[in-house]
Amino acid sequence: MGSSASKPVTPSINSVENEKRILSKMSLDMSSLNLSSPKSEDGSITLSNVASWESSVSADPKLQLARTILSHSDIRSALQSRAAHIADVHVFNNEIVFKTLPITDQKSSGRCWIFATTNILRYDIMKNLKLKEFQLSQPYLFFWDKLNKANYYLELSIQHADLPLEDRLISHLSGGDLISDGGQWDMICNLLETYGIIPHALYPESLHSSLSSPLNALLKTKLREQALILRRLSSSLRSRSSLSPDAILAMLRTKKEELMKEIYTIMTATLGEPPSPKDKFSWDYYTEDGKAGHWEGTPVEFYKAFSGKYSPSDSFSLINDPRNQYSKLYTVDKLGNIWGGRPVLYVNTEIENLKNAVVKMIKSGQPVFFGCDVGKFSDSSKGIMDTALYKYEDAFSITLGLTKADRLRVNESSMTHAMVISGVHLDKDRKPVRYKVENSWGENSGDKGYFVMSDKWFEEFVYQVVVPKALAPKDLVAIFEGDEKTVLPPWDPMVYITVYVVAIKLISP
């Protein structure tokens, strides 16, 4: 397979106009400055600087009013737009007719991508079995994902044992996200195809699936220690000229399997022993009519029986990443969960193609998995995501002028959360106005668990939409199925979808 260098994409019209507006304002500001004589010649802040700034702010009645109000008010509450609240009504003229319950809750974990996937998969299961309420086991997929990520990290430690610890790649791999709760669509496909799915009742939540940070901290400590053990063993084995590379790899993997037993021991003690994907289970349930039902089979058989009209493995990710060239296939180096599994792949395309895919899927009765930066310009209590939600520019006489591409470049934004779109409201010209979003933060968040997302917010903070090949434009499917792809570095902001609920409630929009 080939790879090609990333090329900058031509900015959208909106981006160009925004940049022109910012440059124009900068030109006016610069024309009023005496650039040859700064008040601080050494670059420090002087009292003269402060006095000048204070004189300007004190003379502005609006800024004085902002000081009066905001010194004792949360800016997120005080500066919310009444107009945005009125506009972002939870009414949609195109919705998935079938409703699923209960509203799920990932609690204090970063399993949003697993919850979004299982929330989609349960649609067909509930319809086929006539269930009133139903959940798939998110902890089941969480267990196998975490175990495989530990193995993936140790395999990478073997593969790159010759690199110094100070190398950027080694430092990144052993960093805070070495076994992140987060993941990507292709990684969930790996889990589904290998381990299947089971009803929630057969492998329910444990304390450490709902509160994952203590378990993650212990596993990371152990894995970093194990990586050093494998590196030292690799160095010792490579010093023996009589051993072939294949023999060295076999010995290292034998040691790795011994070390992985420790990881398995920790995980089964904290999460419980999961059902085997090849062992049959027996599941009894009630239908919505109160009739008893029964199903027997393996987790993989359950997945195959109820994977729906559009199999997850036949779906792929469309992304909107304005930093990089559109109509190209991208992957991320060293990113995965199951070693040797399906790679993470994205087709980068214009934002309109993501919108069109969403509308087509909703009209086809198919809920949509999508990835976004949920902490930006959103209110989790009211369930609103709208770029016009906060009047920061008016209150502080500032301009927030970063483009979507620049937010990615300077780490201002990234994919932090996955949810499900289950409805869209179209205007008289059949263009999207707002979207209905099913979240996984419990029914007390938003409107009984549902959020409303404005179309402008979609443009700025949605990065990924997963679409079945059968509903995607043929030219984008051809790109996905092609061999030529650009490899993004392991630390690229398009890597994981993950965020902790407790963290998101503390984030300033």
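From the backbone N, Cα and C atoms, a Cβ is placed for every residue, glycine too.
As given in TrEMBL:
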ACT_SITE  CYS112  active site
ACT_SITE  HIS417  active site
ACT_SITE  ASN439  active site
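Just so you know, the Cβ of HIS417 (active site) picks up 26 other Cβ atoms within 10 Å once every protein chain is counted. Between the CA atoms of ASN439 (active site) and CYS112 (active site) there is a gap of 9 Å, rounded to the nearest whole number. Note: the CA-CA distance between HIS417 (active site) and CYS112 (active site) rounds to 6 Å. All protein chains included, CYS112 (active site) registers 28 other Cβ atoms within 10 Å of its own Cβ.
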